[in-house]
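See structure below.
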């Protein structure tokens, strides 16, 4: 790792340890856990959109596939939690591959509409297949995640679980950013035809990346279902996909940690503006507009460019 990124990784480890030792209130622990979940999702979308130029409005749907599969298989069929996570990852990968193969021939707002349509289909399935999903009321009775007899049955244990997943995702982000694959996708983002002339199979690489990030989102969805012990269609709707997109944009597209910074900001808005709940959408829109106007490259991108300019 480069020095700055190594410092950021160590900072996150120290911060998590300090929070784990000092925060005893379950509400605040759950808020931190929620921020880490959003950070993982936003970082995945940041790779898709920031590096490869693939706009997706169905990340919440992939999150939901993992959550519902894990919930249904444990509640109705008594599968082990770990097995359902793996099943969700594999199933979502293949679903995303099948969807992505035709959809990724589109670009821009056409691709956005195609992914939005898929997200709506998953939402409708979750809403209507009430025999399995619980319908609009949601699926209840999902057990806590357990492995080798150890159950993550309280806020602190789940905080440790999601902190581990979050830190692993940081390593994944760093490895991706420094790999030659990320440069391939940057090339593809700028010009698919030029990348093809240099021997890059951009169609195959885009579909594979889309499927991998979908599986990544599915994984965190499965763990979320076990953590909350409940999943409903409202948790995986288009609003959540738009929130994830806002996190990536505000943090800074194409930056290693932009999704994390954006996730912290967006996740804290309901807490900071709790007294203005009726105006939540307006506040979201205002903050997003402010960041796009004054920080067109995102917050992390702004400071990155500022540092380059100073040097």
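Glycine residues also receive a Cβ, built from the backbone N, Cα and C atoms like all the rest.
Quantities reported herein were computed from a predicted structural model and do not represent experimental measurements.
Between the listed ranges 182-203, 248-269, TrEMBL ties the annotation transmembrane segment to 248-269. Taking every recorded stretch in 85-103, 110-126, 159-176, 207-227, 248-269 and counting its Cβ pairs under 8 Å to the transmembrane segment (132-152), the highest total belongs to 207-227.
Fewer than three CB pairs closer than 8 A are found between the transmembrane segment (7-23) and the transmembrane segment (110-126), and contact between the two stretches is not assigned (pairs 6 or more residues apart). Listed as Cβ neighbours of the transmembrane segment (110-126) (distance under 8 Å, sequence separation of 6 or more from its ends, same chain) are residues 54-58, 60-61, 64-65, 68, 99, 103-104, 133, 232-233, 236-238, 241. Packing against the transmembrane segment (159-176) from elsewhere in the chain are residues 1, 5, 8-9, 12-13, 16, 19-20, 29, 32-33, 36-37, 39-40, 43, 47, 51, 145, 152, 182, 219-220, 223, 227, 256-257, 260: each is 6 or more residues past its ends and has a CB under 8 Å from a CB in it. Counting Cβ pairs under 8 Å that are 6 or more residues apart, the transmembrane segment (207-227) and the transmembrane segment (248-269) reach fewer than 3 and are not in contact.
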